[in-house]
Amino acid sequence: MKNNKLPYMLGSMISNLGDGIQQIAVMWYIYHLTGQANSIGLMIAIYYLHSILLTPFVSVYVDHHNSKAIVLVTDCFRFVVVLIMSFFIYFKIESALIIYFLQFLLAVCYTIYKPSEQSFIKESFTDKEIPFVISRASSLNEGALIAGSAISGVLLIKLSLALSIFFNSATFLLAAVLYSFVRRINAKQMKHSKIHFFSELRSGWKFIQKRSGMKYLLFLSIVNSVSIQMTTTTLLPLAKGFKGGSGLYSMFDISFSFGGILAGVVVTFFLKRYKQKTILFTMSGMTLSSLLLHLNHFKTAAALLIFLLGLFTMSHLIITQTLIQLNSTKEYIGRVVGLRTILASIVKITSALTTGIFISKVGVNNIFLFFSLLILASFFTIKKLNKVYVPPIL
């Protein structure tokens, strides 16, 4: 429904505005607090590690409960956690352990939020609306990340880190208010009987196995997870390698986000026209841009190549998210997204930690070479792409 699109997209955009502020501020803070590049990788690992254990049960719970209510409660709790983080920073309680712990609490919220949000989308929009909602929301979210990164840079220079984090906490609260106006038009039937988690997990796995191409879609979603985490971990050391500070780091981050904005605008057109072949374009683009980043030695060229990497990475993400949504039912979407989250978490932890370690050992430029070789290796699985079902509405 049109009435649902505006509050959902605004809520998602505002939440990402705060994330953009926090991403720059907290990464910069933890890096300077510890003085080690792998501290960023450790913080990212903390954010995703526990989800491997929690996500299976959370996803089953989401499939049997009101997804909208879960989203609202989760956002309100995130508001409280980030607000506490801003207080610690304001009162100069400088402890990496405290930041890691608060990051862990946010990670628990994220684990609950991820399948809930996807179920919320499935219940609030028709299948015809979902491609538009996912692609346009992605563009708005990336635009919000750019704005957040820019605001963060200004706040860090002109005002304070604590104020940056405080602003981030307020965005979660405002997002919850906006989501409250979204109506579920296709609500799943609620089950009031006792949930048998393990049998429900088996049922979800059987659904994935029977759905043509679903397992390969989950595999493809891992590719963009690696790309995003590799980029997140390498941007700050890359900026340092060019003798830059927070300004150059922000510029690189904004370049990646600009690529994501363009992806949300154009990817639906290409998906409708080229169907499954669009994934070949995104994988090829990620490979080429990463290889050129490995060879590059100029700041301006690096920003352009990071933009292209963002374009192809986020296009790949939008395509896989859209096809997973359209190939799932509202009764199983939580478990499908849950499995995707588990796989992504394992990959993100591995890529974040290994990237942080390898930056110290082989240099940041060689990380891009390793990633391009990884994508090239994934082309050996491309025959399975024909099994992926693209609905007629596309």
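Just so it is clear, glycine is given a Cβ too, placed from its N, Cα and C backbone atoms.
These numbers come from a predicted model, not from an experiment.
In TrEMBL this protein carries:
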type     : residues : note
TRANSMEM : 37-62    : transmembrane segment
TRANSMEM : 69-91    : transmembrane segment
TRANSMEM : 97-113   : transmembrane segment
TRANSMEM : 133-157  : transmembrane segment
TRANSMEM : 163-182  : transmembrane segment
TRANSMEM : 216-236  : transmembrane segment
TRANSMEM : 248-271  : transmembrane segment
TRANSMEM : 278-295  : transmembrane segment
TRANSMEM : 301-324  : transmembrane segment
TRANSMEM : 336-359  : transmembrane segment
TRANSMEM : 365-382  : transmembrane segment
For the transmembrane segment (133-157): best-contacting stretch of 97-113, 216-236, 248-271, 336-359, by Cβ pairs under 8 Å:
248-271
Give residue numbers and ranges for long-range contacts of the transmembrane segment (301-324): same chain, 6 or more residues beyond its ends, CB-CB under 8 A.
130-131, 134-135, 138, 142, 214, 217-218, 220-221, 223-224, 227-228, 231, 235, 238, 242, 251-252, 255-260, 262-264, 266-268, 270-271, 278-279, 281-286, 288-290, 292-293, 336-337, 340, 388-390
Of the listed stretches (69-91, 163-182, 248-271, 336-359), which one yields the highest count of Cβ-Cβ distances below 8 Å with the transmembrane segment (216-236)?
336-359
Answer with yes or no whether the transmembrane segment (97-113) touches the transmembrane segment (365-382) by the criterion of at least three Cβ pairs under 8 A, sequence separation 6 or more.
no
So which residues does the transmembrane segment (163-182) touch in its own chain, when a touch means Cβ under 8 Å and the partner is 6 or more beyond its ends?
4, 7-8, 10-12, 14-15, 17-19, 21-22, 24-26, 68, 71-72, 75-76, 78-83, 85-86, 89-90, 120, 124, 151-152, 155-156
So if I exclude everything within five residues of the ends of the transmembrane segment (248-271), which remaining residues of that chain have a CB under 8 angstroms from its CBs? That is, six or more out.
20, 23-24, 28, 131-132, 135-143, 145-146, 149-150, 152-153, 231, 235-236, 238-239, 242, 278, 281, 299, 302-304, 306-315, 317-319, 322, 390, 394
